[in-house]
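First up is the structure itself, then whatever we jot down about it.
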Amino acid sequence: MKKQQSSNESFDVIVIGGGHAGCEAAITTAKLGFSTALFTINLDRIAWQPCNPAVGGPAKSQLVHEVDALGGIIGKLADETAIQKRILNASRGPAVWALRAQTDKREYSKRMIEILQNTDNLSLKEAMITELLIKEVETFTKNSKNTTKQIKGVKTFFGTCYSAKSIIITAGTFLEGRIWIGNKSMSAGRSGEQAAQGLTESLHSLGIKTERLKTGTPARVDKKSISFDALDIQPSTASDKYFSFDPKIKNDMPQICCHITRTTQKTHELIRNNLHLTPIYGGFIDSKGPRYCPSIEDKIVKFADKNSHQIFLEPEGINTPEIYVQGFSTGLPENIQLELLRTLPGLNKCKMLRPAYAVEYEYIPATQLKLSLETIEIDNLFSAGQINGTTGYEEAAAQGLVAGINATRKLNMKDPIIFSRESSYIGTMINDLITRDLKEPYRVLTSRSEYRLTLRGDNADRRLTPLGFEIGLIDERRWFAHKEKMKLLKEENSRLENTRLKCTDEIARNIELESGSKIKGSTTLKDLLKRPNVHYSDFIKYDLANKSLPIAVMEGVEIDIKYEGYLKRQQNNIDQINRQSLKSLPIEINYDLIDTLSLEARENLNKIKPTNFGDASKIPGVSKADLTALLVWLKIKEIKKEKTNSFVEKKLSS
């Protein structure tokens, strides 16, 4: 039996886990003036990118912009360590434009460690936390006495105890983690690192349920063994674009190319012949994997009609030979993996440096959390990142920031910051996690948001930087830069609105010819910019623009003007939802009688009996569709009531 040893060290906040959620949480609480300790099993692997060495992509880039707008760190580091950047969905509308950066994973980790080491109020500690320590606190109301569980500290594997007022668990895939290659498995949080022991049992003993999920990562191959001449090149095309709104952020990393290959019929045949050797199809594990990042064997089985799948070869850094084979994760045995890789064009003589593997792990279903990411069961215990059932560094970082903010607000006896669906992708993600009983790893998608035109990456600072400044995470320098940008946006919008162009002007005739858009009489530059084939770049070309403006302001003005009508409609919808949140719900409603509600919504609404729509929207299991159905049901009831009253009045008057 391990002897318990009390440490004389105590902290306001302890963060368990040094991944992307843990780093954001620890930096946030420390920046806000609270003594913080970040505990991790391996101090050399902080903010590691164990899967894809990339940040951003559809919806994920919007999350990164939002974290940065609030004062978080992931966007800055992604910008500083990017070795390739691209804009995805560039041919589509601005609601789905997405910046994606290939990063140097070792440089990313190194710079994060430097930031942590130089952050005031923050201590780093290498230890495995195996137990949460709690105390029971009695609270009294007029009619009753209640006992609540409250966090008081942690215990390490070797028995040392540390006290803390608040704890944030960001354990990633490490809780009872087990990695699989074929039918062989071993205990590990990820390749080369031991799993976290004891903490799962501690959570169970405190009444917190965990379940199991799976994810995976592809093999890494030696770039010296690849025939790049046989491959399509994917160059860096957006090195001048940034996740961060901080004008000081720069990138001095060399920009390099990725490459594209494809699976072949031989690849597919080899996979089909060996499906029985994979952990999932062989029946060795039954945990659910991520729907939007399937293994190569899943792709071959589920899309059997496809003859080929695109595979991306992505460098893991400037000073490493490792190439990440994106889109080729697998659970097949190691010898078959190499055979598979060699069926890909350009890789017929490749050397595999690290095999692909699947990892299954315990997670906390987030229906056990509040919208602040505090656990319902235990006061001052928060949970963030992959342990909440998400997948992705971006989702983890956003949750870490939110948990850090709300842990400090709870200690300051302030109300939590609740991010709404209509205000941010952060709010969309957390709302989805809390209200849905998810059975597979969750990733953020633009399709998950009803307000994606409003929640663009380019306007994340306009939406969230005032809040970041109010909280205390945005400093005076950033705040001044933000206000200057807002001023420029307003002034340029006004200039375009008040500057007219006559159809007789030579510039007008040139724009007509190039855009195919007729100018009659005269028009303002603002109205001209609303036309689909006219862009701010045309104004620059014909000296109608303010060329001294930052690119972000030019782009922001054009998007605001082009989509003004859509944005107003979406804002009206948001305002309507906000008004509806105050709409009262009669306490006597029997939700079982409303068959348009989901079964889970009926059960939870009957149990909690919310008094208004705002409260109902925060109940786990009650989706936006449920709220809409409830609103329609109430409207029908009101109409029926009005008709009945009208009929009675007519009867009485006659």
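Placement of Cβ uses the backbone N, Cα and C atoms for every residue, glycine included.
Owing to the predicted nature of the structure, the values given are computational and were not obtained by experimental measurement.
Per Swiss-Prot, FAD binding site is recorded for GLY17, GLY18, GLY19, HIS20, ALA21, GLY22, and the stated evidence type is sequence analysis. The NAD(+) binding site annotation in Swiss-Prot covers 289-303.
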For the FAD site built from GLY17, GLY18, GLY19, HIS20, ALA21, GLY22, further residues of that chain with CB within 8 A of the site's CB center: VAL15, CYS23, GLU24, ALA25, THR40, ILE46, ALA47, THR170, GLY172, GLY385, ALA396, GLY400
Rounded Cα-Cα span from GLY18 (FAD binding site) to SER295 (NAD(+) binding site), Å: 27
Candidate binding-site residues GLY17, GLY18, ALA21, GLY22, pick with smallest Cα gap to PHE303 (NAD(+) binding site): ALA21
VAL301 (NAD(+) binding site) versus binding-site residues GLY18, ALA21, GLY22 - nearest by Cα: ALA21
Other CB atoms, at most 10 A from the CB of GLY17 (FAD binding site): 32
Cα-Cα distance linking GLY17 (FAD binding site) and GLY289 (NAD(+) binding site), given in Å to the nearest integer: 22
Candidates GLY18, HIS20, GLY22 (binding-site residues) - the one closest to GLU297 (NAD(+) binding site) by CA: HIS20
Spatially closest candidate among ARG291, CYS293, LYS299, the listed binding-site residues, to GLY19 (FAD binding site) (Cα to Cα): CYS293
Sparsest-packed of the listed binding-site residues (GLY18, GLY19, GLY22, GLY289) - C-beta count within 10 angstroms: GLY289
Around the Cβ of GLU297 (NAD(+) binding site), the count of other Cβ atoms that are within 10 Å: 22
CYS293 (NAD(+) binding site) versus GLY17 (FAD binding site) - Cα distance in angstrom: 24
Distance [Cα-Cα, Å, rounded] between ARG291 (NAD(+) binding site) and HIS20 (FAD binding site): 22
